[in-house]
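Lifted from Swiss-Prot, the feature list:
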type	residues	note
BINDING	C10, C13, C16, C55	[4Fe-4S] cluster binding site
DOMAIN	2-29	domain '4Fe-4S ferredoxin-type'
Amino acid sequence: MKVTVDQDLCIACGTCIDLCPSVFDWDDEGLSHVIVDEVPEGAEDSCARESVNECPTEAIKEV
């Protein structure tokens with residue numbers, strides 16, 4: 001599984017980072033970004049999917 005963050009839609013609410021800190025982190029501009037090339041299977045896979053579902057601006061997409 002791979003995910004992306006649309007920087008134009010991100011409002012820096014931090015939901016994805018709270019839910020899945022091993023996949024998302026803050027960038028230098030204070031927005032969320034993906035820190036792994038591919039989300040590991042298992043627990044991380046589920047927290048990444050939860051981040052996709054919980055993002056209030058739908059900035060996170062599974063690709």
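Don't overthink the numbers, they just go from 1 along the chain as shown.
Cβ atoms are placed via backbone N, Cα and C, with glycine included.
Here the features listed in Swiss-Prot are painted onto the structure.
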| residue | record | DSSP class |
| --- | --- | --- |
| C10 | [4Fe-4S] cluster binding site | coil |
| C16 | [4Fe-4S] cluster binding site | helix |
| C55 | [4Fe-4S] cluster binding site | coil |
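For the binding-site residues C10, C16, counting C-beta atoms within 10 A of each C-beta gives the highest total at C16.
Summarising model confidence by region, the domain '4Fe-4S ferredoxin-type' (2-29) averages a pLDDT of 97. The binding-site residues C13, C55 differ in how many other CB atoms lie within 10 Å of their CB, and the one with the most is C55. Listed in chain order, the extra residues whose Cβ falls within 8 Å of the Cβ center of the [4Fe-4S] cluster site residues C10, C13, C16, C55 are V5, I11, A12, G14, T15, I17, S32, S51, P56, T57, A59, I60.
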